[in-house]
Amino acid sequence: MNVLIIGSGGREHALGWKAAQNPNVETIFVAPGNAGTALEPKLENVNIAVEDIAGLVAFAKEKAIELTIVGPEVPLVLGVVDAFYEAGLPIFGPTQAAAQLEGSKAFTKDFLARHQIPTAAYANFTDIEPALAYVREQGAPIVVKADGLAAGKGVIVAMTLEEAEEAIKDMLAGNAFGEAGSRVVIEEFLDGEEASFIVMVDGENVLPMATSQDHKRVGDKDTGPNTGGMGAYSPAPVVTPEIHNRVMQEVIFPTVRGMAAEGNPYTGFLYAGLMIDKDGTPKVIEYNCRFGDPETQPIMMRMESDLVELCLAAIDKKLDQVESKWDPRASIGIVLAAGGYPAAYNKGDVISGLPQVEIEGEKVFHAGTENKEGDIVTNGGRVLCATALGNSVSEAQQRAYELAKQIRWEGMFHRNDIGYRAIAREQQK
C-alpha cells in the first residue's frame, strides 16, 4: 500500500520512519518533506505545499493512496480532511470544524466551560481598553494568548502588568500575529508541571499514546521566549497511573463526548497540553489537533505497535479493538536549532557530522533541512532532533547529547537540560 504524510518537520520524519516499518507499506510519500525524509528507506518527498489542498487531493488520487496522515495544524484548519472525505480518500485527522479546538483558543475555552472540563479562568477580548482593564483588575502573573494559530509562539506569560499590557497592545493594535491575534484570550497563570497527553480518537473510542513532556522556553532552566519546543522526553513521570486515569475521565472522555454531542465528532490525534498542580489536578492549557513536535520523535522511538494499523483502525472506527505497545525504556529528543531562533535566524548553513550509520536506539530526525547540491543545509529554526532510548531518562539524555555532539553548523545551539525534571525525580529515588 502507499501512504501519504503531510508536512516537513521532525514530527513528519518520525511518523514516516515509524510507518515505514509496516511490511505492507510500499512507498510513503512526504509532502513536502525534508532532507531526512528524502534519505529514509521507503520514503519519497513530493513537492506539494501543506496548504495546497487541491494538489494534495489530486496527488492522493493519482497514487491510489490508502492512508494519509496529517502532521501540522495549518492544513487541518484549512479543511484538508473534509476535502479528502469528499474525494473518498482515507485520511486520519480532524475535520475543519473539529480542528477549531486548536485553530481558535476562544472556541476552546468556551467549549471547556460548556463541558465543565478543568482549565484556567479566562476572558476573551477584541478591544484593547476592556482587555487592559481586565488585566489591571486581575493582576500579574497572567497569560495573554493570540486567538488563532501562531506556530506555538502566540502565548505570553506576563510576570508583570507592564508585560501583559505590552502583549495586549502588540496583539490587538500592533498586529504582532496578524489575523491570529485579532482576538486575545487572557487567562489566569497556572502553577504546576506541564505534560503532553496525546491520544488517538476515532470519533468515540480513545487510544492513549505514551505520555511526554516538552520544553517550550528557548533557554536552560526554562528561560527566554516560548518556542515550538526545544526537546521532549517520554514517559512523563509527573503523569502517575492515578493522574493518567483522572486525565482520561476528567479531560479526554468529556472532550470526545462533547465534540460528538455538538455535531463535530473528533477523529485524529488529540493532544491535550496539561498543567498538573501539586494536588495532581490536571487542567487544560491548550489542545492541539495533531501530534506534538518534538514529542512525536521520542514517542515514536518507544512505539512498538504498528502505526499504520492503528491509523487504519481509527479510520474504520475500530480503535476499541486494538492496543498500543511501548518500549519500557525512556526516550529523549533534543532539538538542535539555528542561531537566533525563535527570532530571525540564518538559512542555508551546511550541516556536518550527521551519523552515517544508525545505531539501535539512536536516531537523528530532520526538521528544517534541505538538500542543496549534495550538501544537507539548514532550512528552518528547529533543524534536527537528536533522539535516543535509555533504561532511564538520565541514560537516554546522555546518549542523545552524545549524538548531538557530533553535529555542527555555524550558529547551532541546543538546550543543555532537556529532561531535567524527570532526572531530578530519578535522583530522589
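Start at 1 and count along the chain as shown; that gives each residue its number.
Just so you know, glycine gets a Cβ as well, placed from its N, Cα and C.
Note that the structure is a prediction, hence the values are computed from the model and not measured.
For 109-316, the entry in Swiss-Prot reads domain 'ATP-grasp'.
Here the region 'Disordered' (212-234) has Cβ contacts under 8 Å with residues 151-153, 155-157, 193-196, 198, 292-295, 297-299, 302, 330-335, 337, 341-343, 381-382, 385, 393, 396-397, 414-422 of the same chain, all six or more residues outside its ends. The region 'Disordered' annotation in Swiss-Prot covers 212-234.
Annotation source Swiss-Prot lists compositional bias 'Basic and acidic residues' at 213-223.
Positions annotated as Mg(2+) binding site by Swiss-Prot, on the basis of sequence analysis: GLU286, ASN288. Reduced to three states, the DSSP call for ASN288 (Mg(2+) binding site) is strand.
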I'd like the number of other C-beta atoms within 10 A of the C-beta of GLU286 (Mg(2+) binding site), please.
17
Please work out the helix, strand and coil residue numbers for the region 'Disordered' (212-234) from the DSSP assignment.
0 helix, 14 strand, 9 coil
